[in-house]
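Student: Please find one structure pasted underneath; my questions will follow.
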Amino acid sequence: MGANSADTVLSGHTNDVNSCDCSASGLIVTGSSDKTVRVWSRQTADPAGADRDQWQELAYSPLTFHLYTVHCVRFSPNGASFASCSTDGTAVIWNAKTGVTVHTLRHPSQSPLRACCFSVDGALVATGGDDGDVCVWSAEQADRPLLTLHGHEESVSCLSFGGPAGLLVSGCLGGELRLWRPRSGRTMPLALQQTAHDLGVTCCHLRPADSDGGGGDLLASGGNDCVVRVWTVSAEEGGLRPLTELTAHTGVVMDVHFSPSGRQLASAGGDKTVRLWDTESWTLLRTLHGHSRYVTCCCFSGDGRLLISGSNDRSVLLRPVGEPEQAGAGLAPSAPPRPAPTQVSEWTCDQVGGWLRSLGLAQYADAFAARSVDGARLLELTEQAMEDELGVELVGHRSKLVRQLDRLRQGPPASPDTTPPDEFYCPITRELMVDPVVCSDGYSYERSAIAAWLKERTSSPMTNEPLAALVLVPNHALRSLIGQRWRPAAGPLSAP
């Protein structure tokens, strides 16, 4: 797996680890596609270094209540309880000391649940699911929701409470972020970012305003667009505003988490890395490797000394980290990348690799380098050569490369608004989508094109992996975006 000698590995899950959290008292909870929740405790607190601490699974672990995948686990602020939620439609509040079930929550729709979290004071629990609703419950008397927040048209993928005003942020696979103030009893959001991540929001985390990092509330979010976005948050109308973007990941950003002090932000991605960022300069401090597959989740220990991450490789890694002023040269900001020459024909092989990574196609960089594909040769590539010589077998990936190569050959557009974004085109037809739908692989396609594809296959056009389901969900957010400016008068528009 590649973990170094200072890392601690927690094993036990027999399928993907989807979520992790750490309590102020030092317990770690994890949830997995193996349907279980596991809880570990630190057995020794070595003052010489947290990296030598010993960890042991609690006697009541694993917890086997859930019937299907566990998507999210979260501790209450005081660590006395934790919540888990699952595809089986339940969210469970557990006693962290005994492992006994305290409450079982279900949305009125019985929808699968994908996100849960506690309010800062621990009095409220929020849950979000495939019905697009966010339900807010009393942590003490959770027989029915205190409040149901409607509005998301796609699955709610993440939730985070934060700030002294009791703010709640929800994100959905349609690309929206919504800011709520549940204690006001109001069911309309304070703010809405409809295209926070245009390929879908996967994760979010609020930094409390009273953290040692100072400043106002901050929200970090990640998405299928491989970008981490940071927002300023306030308890006022429209109080969700973009601050900066962090673009080092070359795969889907699957989780984000602020350190307890607020001075660092961790992001976990489909590129198998966890990245640490300084929250004053927003520079990349460190890139952590060690997992052999997607890193699905990350969090910090209560004292900020450990970074915990979970992965599709079924492991949980614990790594010693420190605040920037404690870590010295080991956390020196990464040097900014050298800009590529203006002329694509002058690109080196390394710069072609960087271009592939910027498109989320890093898996082909080695093959392009092995064939000495520099800028001049890149411009001459045909689709057939991509498949035969460079191993780009997936039709969706070839389509994306063909579109992007056409744009490189045409040179920069006269105006940034003259060409629709790449994600507006169907990966199968290469035409601007009219009726986009989301498939179970997480990608959007033109409805007629993916329907025709599914008549002959049950695999993803983009990944070639078997599809978990053959259901097609309308992508209303994407359809609206296309319609605002790019909808053709008659029929789909061919890719440039």
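Using the three backbone atoms N, Cα and C, a Cβ is placed for every residue, glycine included.
Where the annotation comes from TrEMBL, it is an automatic prediction and has not been curated.
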Student: From 93-113, 198-218, 324-344, which range did TrEMBL mark with region 'Disordered'?
Tutor: 324-344
Student: Within the repeat 'WD' (63-104), how many residues are helix, strand or coil going by DSSP?
Tutor: 0 helix, 22 strand, 20 coil
Student: Per DSSP, what is the residue tally for the repeat 'WD' (149-190) in helix, strand and coil?
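Tutor: Breakdown, helix to coil: 3 helix, 18 strand, 21 coil.
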Student: At a C-beta cut-off of under 8 Å, are there same-chain residues at least 6 beyond the repeat 'WD' (63-104) that contact it? List them, or none.
Tutor: 18-25, 27, 29-33, 35-39, 110-118, 120-122, 125, 127, 129, 137, 139, 142
